[in-house]
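Q: In case it helps, TrEMBL gives these features for our protein:
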DOMAIN    4-190  domain 'Ketoreductase'
BINDING   10-38, ASP64, LYS158  NADP(+) binding site
BINDING   SER141  substrate binding site
ACT_SITE  TYR154  active site, proton acceptor
Amino acid sequence: FGQKVVLITGCSSGIGLRIAVTLARDEKKRYHVIATMRDLKKKDKLVEAAGDAYGKTLMLLPLDVCSDESVRQCIDNVKDRHIDILINNAGVGLLGPLESISIEEMKRVFETNFFGVVRMIKEVMPDMKKRRSGHIVVMSSVMGLQGVVFNDVYTASKFAMEGFCESMAVQLMKFNIRLSMIEPGPVHTEFETKMMEDVAKMEYPGADADTVRYFKDVYLPSSIDIFEAMGQTPEDIANCTKKVIESNSPRFRNLTNSLYTPIVALKYADETGGLSVNTFYNLLFNFGPLMHITMSILKCLTCSCLRRRTISPN
């Protein structure tokens, strides 16, 4: 067969589900997909989307990336522990004024978004090193490159991941193992929609009235604008991911949304950080209505020079 074994974390919905289905339904049947999720009771949506690929090119395993034991057991259940491509997709979000978020909640985000990925890499890396082959893909975010107000802890977890992978990539290269980051901007998933609805209704004990107002009346509406103007679909991200794993020389960083290239460029244009901090401040607090118009213009202005620097889903 020569099928590549692909293990994907966080497949019960959204991006993970879409990547699993896209690879399992590959026309040339190049992939044997092991789709994992914490709770197999949530498998119905995936099984339905996979259709006749389920049981043939797609199988399911339970996996909780926050547990050493669960990670070990999952990989032990793979034939010869052989994984060609590991796609780390499991992740959780956290949004809101810092004062109202407990340290425990923050640790939970890091436990999944950072240590969860580290656990997976530690578990599959020795075998990949022995074989001198493999590809590790990490679902990062534009927020791993640029901080976003009121996403402080989520951003921090993605920055940690980016730094970890940047360091690992050098060592892995010596063993002929590739490491790629996928960096989406906003993606329309149930996860995002539900989070936006929930945070708008919540109380924020511990945060002062001004901060809560900035969050609910300034940040959230502009965030929804951005989502509507710039949002991609889980299918887009799955197609980008497929391109990355099929490339002969995959890039280390893969922004999926060319509209974000200028935002990341601000950071490199001024290493003191002043330019990006001030730009975001002005966009949010001084040019709110302008932001709305800018989003509409940006939709029309995705020029080819920006597209070249991203991996496009089409």
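The backbone N, Cα and C atoms fix where each Cβ goes, glycine too.
Keep in mind it's a predicted model, so treat the numbers as computed, not measured.
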Q: Rounded to a whole number, how many Å is the Cα of ASP26 (NADP(+) binding site) away from the Cα of the residue listed as 'active site, proton acceptor'?
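A: Computed Cα spacing between ASP26 (NADP(+) binding site) and the residue listed as 'active site, proton acceptor' is 33 Å.
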Q: Roughly how many Å lie between the Cα atoms of THR22 (NADP(+) binding site) and SER141 (substrate binding site), rounded to a whole value?
A: 20
Q: Got a sec? Which of these binding-site residues, ARG18, ARG38, has the most Cβ atoms within 10 Å?
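A: Top count of Cβ atoms within 10 Å goes to ARG18.
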Q: Out of ARG30, ILE34, SER141, which of these binding-site residues is nearest TYR154 (active site, proton acceptor) by C-alpha distance?
A: SER141
Q: Mind telling me which of the binding-site residues GLY14, THR22, ASP26, ARG30, ILE34 has the densest Cβ neighbourhood, counting other Cβ atoms within 10 Å?
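A: Its Cβ has the most other Cβ atoms within 10 Å: ILE34.
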Q: Within the chain of GLY10 (NADP(+) binding site), which residues six or more apart in sequence place their C-beta under 8 angstroms from its C-beta?
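A: Those within reach of GLY10 (NADP(+) binding site), by Cβ under 8 Å and sequence separation of 6 or more, are GLY16, THR36, MET37, VAL65, ASN89, ALA90, GLY91.
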Q: Between the Cα atoms of ARG30 (NADP(+) binding site) and the residue listed as 'substrate binding site', find the distance and write it as a whole number of Å.
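A: For ARG30 (NADP(+) binding site) versus the residue listed as 'substrate binding site', the Cα atoms are 27 Å apart.
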Q: To the nearest Å, how far is the Cα of the residue listed as 'substrate binding site' from the Cα of ILE34 (NADP(+) binding site)?
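A: A Cα-Cα distance of 23 Å.
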Q: Across the domain 'Ketoreductase' (4-190), what is the average pLDDT of the model, as a whole number?
A: 97
Q: With every protein chain in view, how many other Cβ atoms are within 10 Å of the Cβ of TYR154 (active site, proton acceptor)?
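A: Here the count is 23.
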Q: For the residue listed as 'substrate binding site', what is the tally of other C-beta atoms lying within 10 angstroms of its C-beta?
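A: Summing over all protein chains shown, the residue listed as 'substrate binding site' has 27 other Cβ atoms within 10 Å.
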